Amino acid sequence: MGTVEAANKDANGSLLEKNPTVVFVLGGPGSGKGTQCANIVENFGYTHLSAGDLLRAEIKSGSENGTMIQNMIKEGKIVPSEVTIKLLQKAMQESGNDKFLIDGFPRNEENRAAFEKVTGIEPAFVLFFECPEEEMERRLLSRNQGREDDNIETIRKRFKVFLESSLPVINYYDAKGKVRKIDAARPIEEVFETVKGIFGPKNEKVNHYVRLMSKLYMYKFHFVSKTKIGNHCLPC
């Protein structure tokens, strides 16, 4: 078991060496974050990673891991954070990029703590799309995508889950000055104008400082981890 842990740490080390910039993208269902992520990818060169899409792709692949995920979902169980994080890490390593939008993750405090512990990465900031529940409800009911969960009862359940699980994550990063709140009730073009102000050149100095601080944190984490491996402190 110790050698597996060591291999995982080495693989993670290769990701840390890229000094990645990670932005968590959060917002309730119907807040429009998916549309804005596409705009950010097109204009600022980020790679968009959706935790939900990665899980669905793994299930579709028919792999042993995918079958396990599918069975857990069917049984109403929560997929362990480590499983989702492993898929995110793999996608980040294979992308060839060093700037990532992680959409819809972390979904709760346990996800957040696990991501930072496993990867050694803190997000540069959290992009939070604020939108009144009534507006998100209107958008979801009016869109014609044939989604089974776009009915009033399930929509309201999704709102409730988001408020209960994701807001503590937002509050945690807000206390650290890392939350960028966006008024997402406006038209798409107006919302993106605000988004551009966050990702644009005028914030390069701030972003550079954040990357430097994140790099120091990541290398400290990786050095301590490797030291523990060398001293056989990891569980077997």
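For all residues, glycine too, the Cβ spot is worked out from N, Cα and C.
So that you can see what the record holds, here are the features copied from TrEMBL:
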- G30, S31, G32, K33, G34, T35, R143, R186: ATP binding site (BINDING)
- R56, K77, I78, V79, G104, F105, P106, R107, R147, R158: ribonucleoside 5'-phosphate binding site (BINDING)
- N111: CMP binding site (BINDING)
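In terms of Cα distance, none of the binding-site residues chosen from R56, I78, P106, N111 sits within 10 Å of K33 (ATP binding site). When the Cα positions of G30, S31, G32, K33, G34, T35, R143, R186 are compared pair by pair, the longest gap among these ATP-binding residues is 17 Å. Across the fold, the C-alpha of G32 (ATP binding site) and the C-alpha of G104 (ribonucleoside 5'-phosphate binding site) stand 12 Å from each other. For G30 (ATP binding site), the nearest of the binding-site residues by C-alpha distance turns out to be G104; the candidates were R56, I78, G104, P106, N111. Ranking the binding-site residues S31, G34, T35, R143, R186 by the distance of their Cα atoms from the Cα of G104 (ribonucleoside 5'-phosphate binding site) places G34 first. Taking only the Cα positions, the spacing between R56 (ribonucleoside 5'-phosphate binding site) and G34 (ATP binding site) is 16 angstrom. Taking the Cα of S31 (ATP binding site) as the reference point, the closest of the binding-site residues I78, P106, N111 is P106.
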